[in-house]
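Asker: TrEMBL lists 5-186 with the feature domain 'UmuC'. The annotation Mg(2+) binding site is assigned in TrEMBL to ASP9, ASP104. The annotation site 'Substrate discrimination' is assigned in TrEMBL to PHE14. Summarising the annotation, TrEMBL assigns active site to GLU105.
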Amino acid sequence: MRPCRFHVDLDAFFASVEQIDRPELKGKPVIVGAAPGRRGVVSTCSYEARAFGLHSAMPISEAYRRCPQGVYLPVRMQRYEEISREIMDILKDFTPDLHQLSIDEALMDMTGTERLWGEPENAAMRIKEKIREATGLTISIGVSINSYVAKIASGLRKPDGLCIVREGGEKDFMARLPLEKLWGAGEKTRTLLNGLGIHSVAELQGLPLSLLEVKLGRAAARFLSEAALGRDPGIYNVESRRSSMSGERTFERDTSERQRLIDALRLISDELAARTIRGDSACTLGLKLRFSDFSCIHRQFSRDEAFVSAGEILEGAIGLLDENWDGRRPVRLIGISLQGLKPLSAFQSSLFQEGPSKSEKARRVMQEIDSKGLGQLVRARFLPRDASGNSDEEQ
């Protein structure tokens, strides 16, 4: 049976939700994230804002310098999670084999569904129509026999795009792309490849693996070689996703700045905390770091109480970061996972405890905070510090 993978990506998700909820914002540059004048980053921005060069994870100060006329809004994670849950439920109507990769991204195994939904193009158009009717939002879909090429394809025709790569055409599809479109190849890697005379994926396809290994190391070379040829280098571990939830951020430029890593961890923590509001959580937290040489480490720890709030998740992730990263190795990707998901009721601190558990109480408090638009509150010790050692919150 021919494999068929759909990679579904919501278009400028947070900003698009704000434009749907507030129609007067349509056509305007909308930036969701930290407030101007505060330290922080852009979480998501609308396509109107991207025309000014803005992008996710950009420092908010730089975003404001480029687009002072933009509409800057706080993150409303509970609202985004509500819409995300509605969309994921729609996707499950098309296949039970759905793997939610983040709050705005999913991988669908559509193998064998042709008798239900027809050819992939027909199925994809029906999915897009259903989501637009239910939410007013647009999505972009990439279709291929493997997950990596499907992910690349979903990003090529945004917004509201559909890109289908037919079986057997993966190598030719990748060959037409510039290096900038090769997911996983950061700026330093591209610069190194440029020094070898490589400026396109087609040229990379012709480079001997042995030469790549000398220049980049074995792990990075094999990853790039497989990716360039349109093979899946294994970017998604979907087997464990039914019992875990995770989020990742890939940096446009590899970074050794601790604050940039913490800013990314904060965004991921917010997303995961919003997803725990559904009623599931875990007491095992994992941190993933992929370095500039494509080597990767995974570290985790467990505790008795469930991780419920964004602050708890962030605190645990920062602890793992500080224990396992000395600042010398540039980081390409960072991620957090919550593993061994269970209903929050399973984390009762005592068999005979009366009333809600501490985890359940925390969940209710965080849900109330988020519903009032205060979901970006963080512990003061995670805020950037000035030269005197004081955080913004302390000044």
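Glycine is treated like the rest: Cβ placed from N, Cα and C.
Walk me through where these features lie, including what they touch and how far apart they are.
Answerer: Taking Cβ-Cβ distances under 8 Å and a sequence separation of 6 or more, the neighbours of ASP104 (Mg(2+) binding site) in its chain are ASP9, LEU10, PHE13, PHE14, TYR80, SER84. Secondary structure from DSSP puts ASP104 (Mg(2+) binding site) in coil.
For PHE14 (site 'Substrate discrimination'), other Cβ atoms within 10 Å of its Cβ number 27.
Its Cβ placed at the centre, GLU105 (active site) has 19 other Cβ atoms within 10 Å.
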Asker: May I ask you to report the DSSP-based helix, strand or coil state of ASP9 (Mg(2+) binding site)?
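Answerer: For ASP9 (Mg(2+) binding site) - judged by DSSP and reduced to three states - the answer is strand.
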